[in-house]
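Asks: The following feature annotations were taken from TrEMBL:
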{"type": "BINDING", "residues": "Gly14, Val15, Gly16, Lys17, Thr18, Val19, Asp56, Glu118, Gly119, Ala120, Gly121, Pro206, Arg207, Val208", "note": "ATP binding site"}
{"type": "BINDING", "residues": "Thr18, Asp56, Glu118", "note": "Mg(2+) binding site"}
{"type": "ACT_SITE", "residues": "Lys39", "note": "active site"}
{"type": "BINDING", "residues": "Ser43", "note": "substrate binding site"}
Amino acid sequence: MALNGFFITGTDTGVGKTVVACALIRALRAAGRHVDPRKPVESGCEPQGDALYPADGAALRDAAGDPLPDLSVVTPYRLRHALSPERAARLERRALNISALREACLSAHAPGATLVVEGAGGFYSPLARDGLNADLAQALGLPVILVAPDRLGVINHVLLTAEAIRNRGLDLALVVLSAHDTHGPEGMDNASDLVAYLDCPMLAFPRVAASGDGWHHFEDFVAQW
């Protein structure tokens, strides 16, 4: 049976995947849906007590609301080095594989709930010893939401990643252009330009104060999905 949900990926690391995922989760909740958030592996985790704390995973958990999901289910694999999970795991002498990450996404997944899975880094970033983010996305088979920074040059990055997503046999459900730190040159309109090359919805997402804010920008997308 096909899973119900989305895989959140990006053109790069640090493009706003977690902020977008949190807003999407809140929009799904506002539409009356139960959401199971997952970021199965997170690197760059800081120590907190006797464990490593996954800040992104915690943001996804908080967005999912009451009752809060167990953080050990949301993000079971946590790594200290702020590198790709594959390299961080090697440095920490831990083994990661795509099968285990897929099982982590499905663990405790409630029947009928919407599964929202956030990857780590870009679509072709190394995720485990035997695969990339793309391999986990393909193993899950979820529609993909692609997040990219709304800056000069992003059209090339979006089109390359969109082609990679479709070459994996996956549905590109939405492209989200997240507001960048600096304004682009006068006349730049990446969203309008991308519409000419992609047959999927496009969403401009503003800078927000906190994860989960801006969820109303996803209302139309959620209503139509």
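For all residues, glycine too, the Cβ spot is worked out from N, Cα and C.
TrEMBL annotations: computationally assigned, not manually curated.
Help me picture where these features are in the structure shown.
Replies: The Cβ of Gly121 (ATP binding site) has Gly10, Asp12, Thr13, Ser84, Pro85, Leu127, Asn133 as same-chain neighbours under 8 Å, each 6 or more residues away in sequence.
Taken residue by residue with DSSP, Glu118 (Mg(2+) binding site) is part of a strand. Long-range C-beta contacts of Glu118 (Mg(2+) binding site), restricted to its own chain and to partners at least six residues apart, with a cutoff below 8 Å, comprise Ile8, Lys17, Thr18, Ala21, Pro37, Arg38, Lys39, Asp56, Leu60.
All protein chains shown were included, and the count of other CB atoms within 10 Å of the CB of Lys39 (active site) stands at 29.
DSSP gives Ser43 (substrate binding site) a coil state; it is part of no helix or strand.
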Asks: Between Gly14 (ATP binding site) and Ser43 (substrate binding site), what is the CA-CA distance rounded to a whole number of Å?
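Replies: Here the two Cα atoms are 13 Å apart.
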Asks: Helix, strand or coil at Asp56 (ATP binding site), per DSSP?
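Replies: SS state of Asp56 (ATP binding site) = helix.
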Asks: Can you list the residues of the same chain, besides Thr18, Asp56, Glu118, whose Cβ falls within 8 Å of the Mg(2+) site's Cβ centroid?
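Replies: Same chain, not in Thr18, Asp56, Glu118, Cβ within 8 Å: Ile8, Lys17, Ala21, Cys22, Lys39, Glu42, Gly57, Ala59, Leu60.
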